[in-house]
Amino acid sequence: MYESKMSFFNSDVPEIVLKSLFSKYDKDGSGSLNSEELKTMAQNDLGMNKNQAEAFIMLGDKDGNQRISFQEFYEWIKSGERFSMIDDSSRFFLVRKAIELFKKFDKDGSGVLEKAEMDEVLMSFGAKREHLDAHLKAIDKGGDGTVSFSEFLDYLNWLPRQ
C-alpha cells in the first residue's frame, strides 16, 4: 500500500513540515487547497490511489466548501483519526460507501447537501415529512442549513469512534 509514506505523518510531525508540504501544492497562494491540488498531494506525496485520495479530501473538508484550509489539514493530520479511515480496509470500505451515497444525493455537485437534498436522504431512510426540519437541525452541526460530508458521515454512524 503506501505505509512507508504515511508513517512520516504522525502526531509528532512539526507544523513547519506540514506547512511546507501544504504550500508546495497551494499553487495560487490562496491558503487553501482545492480538490485538484489535494488529489495531487495525496497521490504524489502521500502515496494514495484515486479512491483513497477522494476519501482523504472528503474527510478533511470539514465545512464542505470543496477546499481544505491549512488549519483543517493540520488538525486532521494531528488528530487521532489521521489516516485510519483510509488505511484500515474495513473502515475504508464504509467510507467509500458513504461517499457514494453522499454523491448520489448531492445532485448539484456542490459538495454539501442542501435542505431539499437532505430531505430526500431522510425520507429514503424512512423519516416522516413533518420531522425533516428537526432532523436537519440535529445533523447540521455548523448551523448553515447544509450538511457537509463530515456531518453526513457522523449522521450515518457507520464507523465506531476511535
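Using the three backbone atoms N, Cα and C, a Cβ is placed for every residue, glycine included.
Here is what TrEMBL records for this protein:
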DOMAIN    13-48  domain 'EF-hand'
DOMAIN    50-83  domain 'EF-hand'
DOMAIN    93-128  domain 'EF-hand'
DOMAIN    130-162  domain 'EF-hand'
Looking only at the domain 'EF-hand' (50-83), what are its DSSP counts of helix, strand and coil residues? 20 helix, 3 strand, 11 coil
DSSP on the domain 'EF-hand' (93-128): how many residues come out helix, how many strand, how many coil? 23 helix, 2 strand, 11 coil
Summed over the domain 'EF-hand' (13-48), the DSSP helix, strand and coil counts are 21 helix, 3 strand, 12 coil
